[in-house]
Amino acid sequence: MASRLGLNASTSKVPLIQLPASNSAPLTVGEGHRLLDNNGLQRKRQVVVRSSTLGSGLASDLAMDSEPTGFEFNSHNDLKPKPTSRRASFAEGVLNGDSHQNGGAIPMALRRRRSSVVREKWSSKIEFLLAVVGYAVDLGNIWRFPAVCYKHGGGAFLIPYLIMLCVGGLPMFYMELVMGQFHKSGCLSIWKRICPMFKGIGYGICFVCTFIACFYNAIIAHALYFLFHSFAWDVPWRGCGNDWNTPNCREDLKAGTNSSKDVIYTTPSQEYYIRKVLEVHKSQGLDALGGIKWDMAACLFIVFLSVYFALWKGPRSSGKVVWITATAPYVVLTILLIQGLTLPGASKGITYYLTPNFEKLKEPAVWTAAATQIFFSLGPGFGVLLALSSYNEFDNNCYRDAVVTSLINCFTSFFSGFVIFSTLGYMSELTNRPVSEVVGESESSLIFVVYPQAISTMSYSSVWSVIFFLMLITLGIDSTFAGVEALITGLIDEYPRLLGRRRELFVAVVIILYFLGSLPTVTYGGTYVIPFLDTYGVSLSVLFIVMCEMIAVCWFYGIQQFSEDIKHMLGFYPGLYWRVCWTCAPCFIALIFALALYDTSFAPIEIPNYVYPMWSVYVGWLLRLLSVLSVPIFMLYMFCTANGSVLQRLSYMITPQRRAHHGTPATAVVEDKSNNNYMIQDSDVTHL
């Protein structure tokens, strides 16, 4: 009985209350004693209620608060009803043999809304897959992978890329899906069930999600601005006769006409993006951002408003939105590829993209770039996969999901390279310059300068512009949905009674705070804020977080226990390949982190025509430390607040708390279908 209900070795028999099969049958209280924690100390009690007449769906309507369940033990270890509570009347009635309606079913005094017990679920399997694909496939697949690929050997880069996918990216992706689905918890509360002292990982993830939300949505707002201005007979960046243009603007793109000895000429699309969309000339730099650009702030507000209405109901709302946002980019990419292949010079760009340079494979930097690209593309360590998979059915085949979504992500990256480089080949043909010179100086210039310039030379340019920027928006906003959901799920799971009762209100507060925090990115100097947050708030911090996560799961929780969890969910143990990859995962990530740290410069950031002030380095490292130090600070806090000797404290810090029944909310009436039993467990609440 105990094993079926998930009680560990330190849990003895629990008090049993037998409800009658009929209203007149007597009641009996079974022998039992108290639930002990891992240190042998009295921590919580459980009551198992038996009845052959309880309905099959009753467990989903029952739950108890995290305070005692209406029963208490006296000094003689006898079970007594607690006084002064609505539960007490029921408890006393059960102990005294009072009859209840529905053949002894638990009365309404102990019931709560279904949503207070049963965790939200995806309406269908496809909604989960679309949400994960939408998260993994983002703007980086469009502007980053093609550039990294041609820079590190073209087609030859696919060799280290696929190897890193198999030995690193896919195993970590699979692991996070398993963790979220098995423990049904977000990035904060999950660690007490894996290794409690690593809970600081969750707080670090919350910091990273906040930094990303504060700059990533500004990029989507830029695309939305372009989209709005594409609804015209002609795109506004075609010529140089506009009020935002300078005398240096040149419509003739041929090589040799874009510069002279003393003057550097610019293209219409460059000036439109820099002087119209961003208006950078009104800012002096990071230390003098200037005022808010209100039209861009309005675009940012629309983005966050869309995020709110996608997330306010959890998977019930976001699951419907991803049907559009996750599928539309593939339709658009296909249309753009067909258009690109018909342009003159397209073959030149694709040849440049795919021509292998196998000599590059001898360079360690190529392998590091492949590992970094696959890691940030699949996105473990951001808390998103934990949150999304936690809404799955307990026995969902997340193994198949991991393989399918990883392959889709990699295919999309490779496929988007054809879209981008066919157009770059066209621009190379048009300007009589090599493809390498057509690519912009920054990643953002590829999608906001180079590609729009190519669009302006096509027939029906407004139509192609609408299609292209609509694709960028749907690619970006999917990742925003997932990133914000990771933080919301993590906080609600950690503080369910405070935040879970009014999810809509809590999501609104988060969105408002994120919007206010993002306003510096839509000032006239916002283009200086975005690289700053991207550089210092994300990359190195996420690598450290994932390294700690792999150590906690693979070495403290243990591969054997993790494999048992998979067997419990899916009915089979993971193969040797997966266990070996997981065992080596901490070392794999530690190597990537060490190489990234070695390449990290302590000099100020440099972007075209601007060098950041020295104080930005100190502030930037402070942002990094907010995420990184969350892990050791929480370990120290947990050690100082624990009781007992040093060894007892350490044991407490590394010993996971086991759920009463895996795959169900932590506070619930848990159904044991084999004996028609229901267990009322006092523990933390998953959702209210």
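Using the three backbone atoms N, Cα and C, a Cβ is placed for every residue, glycine included.
For the Na(+) site, TrEMBL records GLY134, ALA136, VAL137, ASN141, ASN409, LEU475, ASP478, SER479, and the single candidate of SER377, SER444, SER445, SER518 listed with them is SER377.
Among the candidates CYS214, CYS249, the disulfide partner that TrEMBL records for CYS240 is CYS249. With a cut-off of 8 Å between CB atoms and residues at least 6 apart in sequence, the same chain places GLY134, TYR135, ASP138, LEU139, TYR216 near SER479 (Na(+) binding site), listed in sequence order. The Cα of CYS249 (disulfide bond) lies closest to that of LEU475, out of the binding-site residues VAL137, SER377, LEU475.
A coil conformation is recorded for CYS240 (disulfide bond) in the three-state DSSP classification, outside any helix or strand. Within 8 Å of the centroid defined by the CB atoms of GLY134, ALA136, VAL137, ASN141, SER377, ASN409, LEU475, ASP478, SER479, the record's Na(+) site, lie the Cβ atoms of VAL133, TYR135, ASP138, GLY140, THR412, excluding the listed residues themselves. CYS249 (disulfide bond) falls within a strand when secondary structure is assigned with DSSP.
Rounded to a whole number, the C-alpha distance linking CYS240 (disulfide bond) with SER377 (Na(+) binding site) is 38 angstrom. Mapped onto three states, the DSSP output places VAL137 (Na(+) binding site) in coil.
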